[in-house]
Amino acid sequence: MAAAPPAVAVNGGGMAAAKVASQAYLESKAVKDTRVLIADLCKQFYTLGWVSGTGGSITIKAHDDSIPKRQQLILMSPSGVQKERMEPEDMYVLATNGSILSSPSPKPYPYKPPKCSDCAPLFLKAYDMRNAGAVIHSHGMESCLVTMINPLSKEFRITHMEMIKGIQGHGYYDELVVPIIENTAYENELTDSLAKAIEAYPKTTAVLVRNHGIYIWGDSWISAKTQAECYHYLFDAAIKLHQIGLDWSTPNHGPIQNVKVKAGMNNSNNRIEPLPRCIVLDIEGTTTPITFVADVLFPYARDNVGRHLSATYDTAETKDDINLLRTQVEDDLAQGVDGAIPIPTDDAGKEEVIAALVANVEAMIKADRKITALKQLQGHIWRTGYENNELEGVVYDDVPEALEKWHALGIKVYIYSSGSRLAQRLIFGKTNYGDLRKYLSGFFDTTVGNKKETRSYIEISESLGVDKPSDILFVTDVFQEAFAAKGAGLDVMISIRPGNAPLPENHGFKTITSFAEI
């Protein structure tokens, strides 16, 4: 083992970091064993094609029960070294802030001078943001190719595969979602994109880099390695399913739908049926994953209520939002709604009013209430998020092509969601596929009526001016909404997407797993 040199910061830090780790810890059995482990894993990963051509890397924390995990030393494989020839003494030892505490000794020609992994800043993000115990960076071919199948996709999705059970927090029936970030010329330039993906996808344990590879982390080296094996298996399965024309992202893994329609729609008997004059789409579970709303939009609104109200308190828009909330809360208090607390008058002062508003809004969001006062405020908060590039709408990969096709056929497409019309426009105005509003003719929200009431769909059909309600096709993932729309005479299909609620047996509705089936 080379003597510990002066601390050199990879990602901030300095001499003070060197004092964190005693010489005894640096020379401990935990550190020595981790050096050996990384060398062994590099050899194994080389045979799997994950770290060929000196690419890829691995980092593991030196576990010591007497030291809190966040303070444990970090060991990393070096950059530009043949991974199958790695030796224990080749590893770098870093403090938690990225300062190098121990470097490998230079080797004679033809070896290059030692250099810490270019992945170090990205590894440190996973350690800091997820309290990881180990991180693997793989250049496995399957992790590269799977990002190329759809070069516009921002996510990899797969469901109903046994190996999903090997991914932390997932089961067989779950939809596994892995974010995809764009590659850059230099590894460290990926740091911000990786951090944003980790923040935006709180359930993920991996981030794909298009045309490059994948970063995978776990609580321990065993967890990271196990998940890495499962991820690579699933990517390989998706590629092979794609090659034989099967869709890996749907529960039944049926044929990939790529229907080209010109004069009508093919039904199950391959007869051409007249096209609908209008299509009305739900959002959650239909155009957009439920997880986007639950894991991204709702938390963003919840976490930014106070900031938004403080910054805009004196504007006419926010005064209107507050008045709506006051009215709603007064009604909630009268009805004994759980979580409702009185909102002081303006005389109590801005901070007192905002504190009460925040408490009520948080309770409403937690209860997933579909009320206008909440939806209107959320829309205004989300607007700021989109304007500041803190939010980006997400739609399923089959949605943009379908919208474009329907638009070309002269079919008018509308949105009907419990979210406000503003929130709807925001989602489709800035998506992972760009601005899709050019394909949409209008937006309906709960001001037209409750989505589970037939009267709402009668109102929509009268607003659209169709000759008969059956000229409208309504697509939703919710049985009660489908039932209400059918009662108004609309043609109805139910969207089956991973994570959607199960349907009653013998529900009697047509179902689709992709817009390509419409």
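Using N, Cα and C of the backbone, Cβ positions are placed for all residues, glycine too.
Listed features, source Swiss-Prot:
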type: REGION; residues: 1-247; note: region 'Methylthioribulose-1-phosphate dehydratase'
type: BINDING; residues: Cys119; note: substrate 1 binding site
type: BINDING; residues: His137, His139, His212; note: Zn(2+) binding site
type: ACT_SITE; residues: Glu162; note: active site, proton donor/acceptor
type: REGION; residues: 279-518; note: region 'Enolase-phosphatase E1'
type: BINDING; residues: Asp282, Glu284, Asp477; note: Mg(2+) binding site
type: BINDING; residues: Ser417, Ser418, Lys451; note: substrate 2 binding site
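Sitting within 8 Å of the Cβ centre of His137, His139, His212, and not among those site residues for Zn(2+), are the Cβ atoms of Gly55, Gly56, Ser138, Gly140, Ser143, Cys144, Val209, Gly213, Ile214, Tyr215.
Rounded to a whole number, the C-alpha distance linking Lys451 (substrate 2 binding site) with Asp282 (Mg(2+) binding site) is 10 angstrom.
Under DSSP, the residue listed as 'active site, proton donor/acceptor' is assigned to a helix (H, G or I) in the three-state scheme. The binding-site residues shown are Asp282, Glu284, Ser418; of these, the one with its CA atom nearest the CA of His137 (Zn(2+) binding site) is Glu284. Each of the recorded positions Glu162, Asp282, Glu284, Asp477 was scored by other CB atoms within 10 A of its CB, and the lowest score goes to Glu162. Other than Asp282, Glu284, Asp477, the residues of this chain whose Cβ falls within 8 Å of the Cβ centroid of the Mg(2+) site are, in sequence order, Ile283, Gly285, Thr286, Thr287, Thr288, Ile290, Ser417, Thr476, Val478, Glu481, Ser495, Asn500. Counted over every protein chain shown, other Cβ atoms within 10 Å are most numerous around His137 among the binding-site residues His137, His139, His212, Lys451.
Listed in sequence order, Asp282, Ile283, Glu284, Ala423, Gln424, Phe443, Phe444, Asp445, Lys451 are the same-chain residues six or more apart from Ser417 (substrate 2 binding site) with CB atoms under 8 A from its CB. Across the fold, the C-alpha of Ser418 (substrate 2 binding site) and the C-alpha of Asp477 (Mg(2+) binding site) stand 13 Å from each other. Taking Cys119, Glu162, Asp477 as the recorded positions under consideration, the smallest Cα distance to His139 (Zn(2+) binding site) is found for Cys119. The residue listed as 'substrate 1 binding site' falls outside any helix or strand according to DSSP and counts as coil.
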